Amino acid sequence: MRKMKKRYELLIYVFITFCCFVGIWLGTKLIGEQLPSGNYLLLFILVGALCGVGLPMLISWSNRKSRQPDMDERTVRMLKNYLLSAFFLVSFLSGVLLLVLVGIGHETIELGWIAVYGGAIFILMTAGLFVVKRF
């Protein structure tokens, strides 16, 4: 049973990686020009995708080898409560921020600032997950 689960997990990883490459190929075809860094960017994407598939498999193999449980029910409940509260807090603060920006007269928001905001939220939530998982 566990072997079938592992095969399905590997198939999911391969499918996600394949979808990423199809998306990159479609993006370059729709743009109609070469990537900014040339073919080196594709090499970096390939290495990142392979590490994204290989590292979780390596980590699960090492955890299975040590036979120690990674999390118990209390840890899962704490992680669930943290993610739920962080989601509602981020959603509420994003709504307040948008209302303030509309109130002071902004009509457009630059995509660069949205990317910075999303990256900061992602980093803070990931750091919070590590803290919650330790306690």
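Positions of Cβ are set from backbone N, Cα and C atoms, glycine also.
Annotation comment: TrEMBL describes 10-28 (among others) as transmembrane segment.
Residues 10, 13-14, 17, 20-21, 24 of the same chain, all 6+ positions outside the transmembrane segment (40-61), place their C-beta atoms under 8 angstroms from a C-beta of that stretch. The transmembrane segment annotation in TrEMBL covers 40-61 (among others).
Per TrEMBL, transmembrane segment is recorded for 82-105 (among others). Same-chain residues lying 6 or more positions outside the transmembrane segment (82-105) and placing a CB less than 8 Å from one of its CB atoms are 121, 125, 128-129, 132.
Cβ atoms under 8 Å from those of the transmembrane segment (111-132) belong to residues 78-79, 82-83, 86, 90 of the same chain, restricted to positions at least 6 beyond its ends. Annotated transmembrane segment per TrEMBL: 111-132 (among others), in sequence order.
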